[in-house]
Amino acid sequence: MIPALTEVHAKTNSLLENFNSLFHRIMSRFYVDEKIFPPKGHRYTAVYSRDKEYLFDINATSFFTPAIRSRIIHFILDRKSFSSKADDDFAFGIERLIADDVYTAAYPLHDGELHRPGSMRHRLYTEWSAVRKMLQYQPLDYVKEYFGVKIGLYFAWLGFYTHMLLPAAIVGLLCFVYSCLTLYTNQPSEDICNKQLDIKMCPLCDHFCDSWSLDETCLHARVTYLFDNGTTVFFAIFMSFWAAMFLELWKRYSAEITHRWDLTGFDVQEEHPRPQYLARLAHVKRKHVNVVTNTMEPHVPFWSMRFPATMLSFSVVLLLVAMAVVAVLAVVLYRMSILAALSVYGDSVITSYALLFTTATAASINLCCIMVFNLIYTWLAERLTEVELLRTQTEFDDSLTLKIYLLQFVNYYASIFYIAFFKGKFIGYPGEYKRLFGYRKEECGPGGCLMELCIQLAIIMVGKQAMNTLLEMAYPLFYKWLNTLKVKTGLEPGSPATKGRSKQWMKDFKLVEWGPRGLFPEYLEMVLQYGFVTIFVAAFPLAPFFALLNNVLEMRLDAKKLLTFYRRPVSQRVRDIGVWYRILDSIGKLSVITNGCIIAFTSNFIPRLVYAFAVSENNSLDGFLNHSLAYFNMSDLEKKAAPSRTEFNITVCRYPDYREPPWSPNKYAQTSMFWHVLAARLAFIVIFENVVVFVMILVRWCIPDMSSSLRDQIRRETYITNEIIIRQETARARQLCRSCSPDGGPDLQQNLSEETEADEHYRRALLTPLTGADLDLVVMLRGKEEEERRLKAEEEEKMRLSEAGTSEYDPTKL
C-alpha cells in the first residue's frame with residue numbers, strides 16, 4: 001500500500017471520528033435523558049391466547065401496561081348488557097348508562113398527582129410537557145405506555161413533521177433574505193418608484209373610483225417582489241420534493257415505531273366489532289366467519305343495507321360541500337353588490353371607506369358561515385357515518401375524518417383558491433367589462449393578486465395558529481373550572497364523596513373528558529397547516545418557518561394539556577395514523593398542480609421571462625413595465641363605469657393586459673404577445689409538473705418503506721417466536737404422552753435423542769443473525785425435516801399397529 005495514501009486515510013478517519021464525536025456531544029443535549037427515561041428493552045411477543053398462557057410471563061408486573069389495562073376494562077364496559085328485555089337491542093354499554101344519568105362518568109385514573117414526585121404523570125409533566133424542554137426529543141415509549149398507541153403515534157408524527165420542517169424553514173428564509181438583498185435591483189418596481197414614467201391607471205371600480213397614478217403602488221410593488229422573484233420557482237420545486245421526502249421518510253420511520261410498539265402484524269380484521277355495529281345488526285340472521293379471528297359475525301347485506309347507506313352519505317357530503325362553495329360565491333357577490341350600492345353616493349367619506357367596509361363585513365359573514373357549517377356538518381357526519389355500518393372503530397374514525405376534512409378543506413381554502421385562480425381573471429377590459437348578475441367582477445388591488453394571496457395566507461395561517469394555541473389552552477381551563485364548580489355545588493358537606501375529595505378519582509372527575517374524537521382537532525390543525533405549507537407555498541415562502549415556530553410550542557402545549565386539563569384517555573390500538581396519511585399524500589400531489597398554476601398565472605414570472613428572452617435586446621427587464629400595460633381611451637369607457645368625478649384631466653389611461661391601443665385598426669384586440677405569454681404559461685405548467693412528478697417518483701423508488709435491516713430483523717424475530725412456540729408445544733405434548741403411555745419410556749427417550757441430533761444445525765442458526773436467502777433456506781430446510789419426521793413417525797405407527805393386529809390408525813395421537 002502507498003504510504004502517502006495510508007497517511008491520508010488515517011488522517012481522514014481521525015477527522016471523521018472527531019467530527020462525529022463533536023456532533024454526538026452537541027446532539028446529546030437534545031436526546032432523551034436515559035437516567036430519567038431508561039431505554040425500553042425489546043421483547044418477543046405473540047398474540048395472547050388463554051390456551052397457550054404458559055408461553056407468556058403473566059406474573060411480570062409489566063405484562064399489561066396501564067394503558068392496555070384501561071383498554072381491556074373499557075372493552076368490557078362498552079359491551080356489557082344491563083337489560084333482560086329481548087326487544088331492547090341497545091341496552092348495553094357504559095355510554096348508554098351515562099346518557100341515562102345512571103352514572104355520571106367513566107374514565108381511567110391518572111397515575112398519581114401532577115406536582116408530587118414519584119409518579120409517571122409527574123415525570124412526563126416535568127420532563128416532557130415543559131416548554132423549556134421544547135428542543136429535546138420526546139420519550140415516545142413512555143408516552144405510548146401512559147396514553148396508549150394512538151396518542152403515542154400522534155406525538156411521534158408531530159415530532160417527525162416538526163423536524164422535517166427545519167430544512168424547509170431554512171431554505172424559505174434564505175429565499176426571503178435573497179429577495180430582501182436584491183429588492184432595489186428589481187427594474188419593474190424601481191420604474192414604479194422613480195416617478196419618471198407618470199403613468200395614470202384606469203379606474204378599479206364603477207362610478208365612484210377615479211383614475212390613479214401608478215407611482216402610488218411603490219410600496220406594494222416592492223413587497224410583491226419579496227414573494228415574486230426567481231427564487232419562487234426554485235422554492236416551489238424544492239417544497240414539492242420536500243413533501244415527497246416527508247411522506248416516504250415518515251413511512252420508513254413509522255415502520256420502526258410500529259415494530260418497536262408491536263404493531264407490525266396488526267390487522268384491522270383482528271379489531272373487535274363496535275358495539276353499535278353489532279346492535280344495529282342484531283336482527284340480521286345471516287352470519288359469516290371472520291377469517292382472521294375465526295368468530296361468527298353478522299353479515300351486512302350489500303344491496304339492501306350497505307349500498308343505500310353509502311349512497312346517502314356520499315350524496316349528503318357532496319351537497320354540503322357544494323353549499324360551502326355557494327356560500328363563498330355568495331360572499332363574493334355580496335362584495336360586488338355593496339360596492340355597486342355605495343357607488344350612487346357622492347360623499348368622499350363613504351367612497352374612501354367603501355372597500356374597507358365591504359372587506360370587513362364580507363369577512364365577518366364568511367366567518368359566520370364557516371362556524372355554522374362546521375356545527376351542522378359535524379353533527380350530520382357522525383350520524384351518516386353511523387348509518388354506513390362500519391365494523392371497527394378504526395374504520396368508523398377514518399370515514400368520519402374524511403367527511404369532516406372535506407368540508408374544512410372547502411371552508412378554509414375556498415377563499416384562497418378564489419384569490420389565486422379566479423380573482424382578477426376573465427374580467428375583460430375597461431371598454432367591455434365582464435359582469436356577473438350585472439355587477440363588475442372583482443379586480444386585484446394595486447399590488448396585484450399575488451400580494452393579496454400572500455396577505456390572505458399570512459393572516460389566515462399565522463392568525464389561525466395563534467388563536468388556536470390560545471383557545472386550546474383556554475377552553476379546557478374554562479371547562480375544568482366549570483367542572484370544579486359543579487362538584488363543589490353538587491355535593492353536600494357531609495356526604496361520603498366530600499370526605500374523599502382528596503382521592504384521585506375525585507380530582508380526575510374535575511378534569512375535562514377527552515372524548516372519542518379528542519385527537520381529531522389536533523390532527524386537523526396540523527394537516528391544514530401542512531396544506532398552507534405545501535399547496536400555496538409559492539405565494540408565501542415563510543410558511544414553513546412560521547409552521548416550525550408554532551409546532552415547537554404545539555408539541556409541549558398539547559402534552560401539558562393532556563396531563564393537566566383532561567382526564568386520562570382510554571388507550572386505543574391502531575396500526576398507523578390512519579386516513580390522515582392518505583390525506584397528506586393527496587395534498588402533496590395537489591401542491592404540484594397549484595404551485596405550478598400560481599407561478600404561471602398568478603405571478604408575473606412568466607411574462608418577465610418571455611420579455612427578457614424574446615423582446616429585450618440585452619435580456620434585461622428595462623421597459624417591461626411599460627410593455628405590460630395597454631392603452632385605453634377614457635371616452636370609450638362604459639357609461640355606468642365612468643367616474644362621477646376625476647382628479648386627473650386625462651384622455652388615455654393604462655391597464656395591465658396585452659391589447660392593441662385605441663389608435664390601432666384592431667383596437668383593444670389581443671396582441672401576439674398575449675398568445676406568446678399564454679403559450680409560455682402552459683408550457684411551463686407541463687414542464688414543471690412533469691419534472692417534479694418524475695423526481696417525486698424517483699425519490700419514492702429510492703427510499704424503501706422499510707429498511708432492509710429492519711425487514712430482516714422482523715423476519716428473524718418471527719422465526720424465533722415460531723420456534724419458541726413449537727418447542728413449548730412439543731414439550732407440552734411430551735408431558736401429556738408420558739402421563740398417558742406408561743410403556744413408552746425407552747421409545748420416547750430414543751425419539752428425543754433423534755430429535756436433538758436433527759435440530760443441531762438450526763439450533764446454531766437461532767444464535768446466528770441471518771438475512772435474506774440464508775434465512776429462507778433455514779426455514780425451508782426446517783420445514784422439510786419436520787415433514788420427513790412426520791412421515792417417518794406415521795410409517796412406524798402403522799407398522800406397530802400391523803404387528804399388533806389392528807388397522808385402527810389415528811394420526812392425531814402421534
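Cβ coordinates come from backbone N, Cα and C, glycine included.
Residues annotated as compositional bias 'Basic and acidic residues' in TrEMBL: 785-801.
Look at TrEMBL and you will find 8-140 tagged as domain 'Anoctamin dimerisation'.
According to TrEMBL, the feature domain 'Anoctamin transmembrane' maps to 143-717.
What TrEMBL lists as region 'Disordered' is 785-814.
Residues or ranges marked as transmembrane segment in TrEMBL: 154-179 (among others). Outside the transmembrane segment (154-179), and at least 6 residues removed from its termini, the chain residues within Cβ reach (under 8 Å) are 137-138, 140, 143, 225-227, 229, 231-232, 234-235, 238-239, 242, 245-246, 249-250, 253-254, 257, 519, 522-523, 526, 530, 533, 537, 541-545, 547-548, 551-552, 554-555, 558-559, 577.
Counting only same-chain residues 6+ beyond the ends of the transmembrane segment (232-250), those with a CB under 8 A from a CB of the stretch are 157, 160-161, 164, 167-168, 171-172, 175, 533-534, 537-538, 541, 544, 581, 584-585, 587-588, 591-592, 595-596, 598-599, 603, 605, 688, 691-692, 695-696, 699-700, 703, 705. Annotated transmembrane segment per TrEMBL: 232-250 (among others), in sequence order.
According to TrEMBL, the transmembrane segment annotation covers 312-334 (among others). Listed as Cβ neighbours of the transmembrane segment (312-334) (distance under 8 Å, sequence separation of 6 or more from its ends, same chain) are residues 358, 361-362, 365-366, 369, 373, 376-377, 380-381, 384-385, 387-388, 403, 406-407, 410-411, 414-415, 418, 436-437, 439, 442.
Annotation comment: TrEMBL describes 354-380 (among others) as transmembrane segment.
As annotated by TrEMBL, transmembrane segment applies to 400-421 (among others).
What TrEMBL records for 527-553 (among others) is transmembrane segment.
Feature annotation from TrEMBL assigns transmembrane segment to 673-699 (among others).
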Exercise. The transmembrane segment (400-421): which same-chain residues, six or more beyond its ends, come within Cβ distance under 8 Å?
Worked result: 313, 317, 320-321, 324-325, 328, 331-332, 366, 369-370, 373-374, 377-378, 381-382, 384-385, 449, 452-453, 456-457, 460, 517, 520, 523-524, 527-528, 531, 535-536, 539, 578-580, 583, 594, 597-598, 601-602
For this session: Give, as a single whole number between 0 and 100, the mean pLDDT over the domain 'Anoctamin dimerisation' (8-140).
Result: 76
